[in-house]
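What follows is one structure encoded as structure tokens, with my remarks underneath.
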């Protein structure tokens, strides 16, 4: 970890030293939109989100350097509406991801950013889960951000194999951030 820049080094050949300087990946442009007043109580939320996305982007095999994503910080009412409209589930949830559909065969300008998609995170559900699971708020926010980001780049947990792969990657990214395994039994995390 480069303490000065607080960014992870690139993986593989890109992480090699060049004239004594570590080469860093181009990171996705991340816009954080606060749409629910309850998030104003968490002054550091945007910095936590940016750090989580940057760390995840530096540890995955997908090139996200020319990409953009948006993260909407909403409340339970807002995410409940999204969940009902898009998934047919009329209740709040902690995080939703909406991967952008990339048109196949459609040319785009070389300098046009690639849209990864959108993530929505619900404040009350996140806060409640963190409290119930005895996790610091910032750790749980980092985890949900990483989870949503991985969905945008194609990871899923529909099967046990997919879930295992996604959870293992989440653990590695969180460990890089100094955050304990969120899937460990609670008594081990206390």
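The chain as shown is numbered from 1 upward.
Backbone N, Cα and C define each Cβ position, glycine as well.
Copied from Swiss-Prot, the annotated features are:
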type    : residues      : note
BINDING : 147, 151, 157 : Zn(2+) binding site
REGION  : 1-20          : region 'Disordered'
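Cβ proximity to the Zn(2+) site centre (mean Cβ of 147, 151, 157, cutoff 8 Å) flags the following additional same-chain residues: 97, 148, 150, 155, 156, 166, 170. By neighbour count, meaning other C-beta atoms within 10 Å, the densest spot among the binding-site residues 147, 151, 157 is 147.
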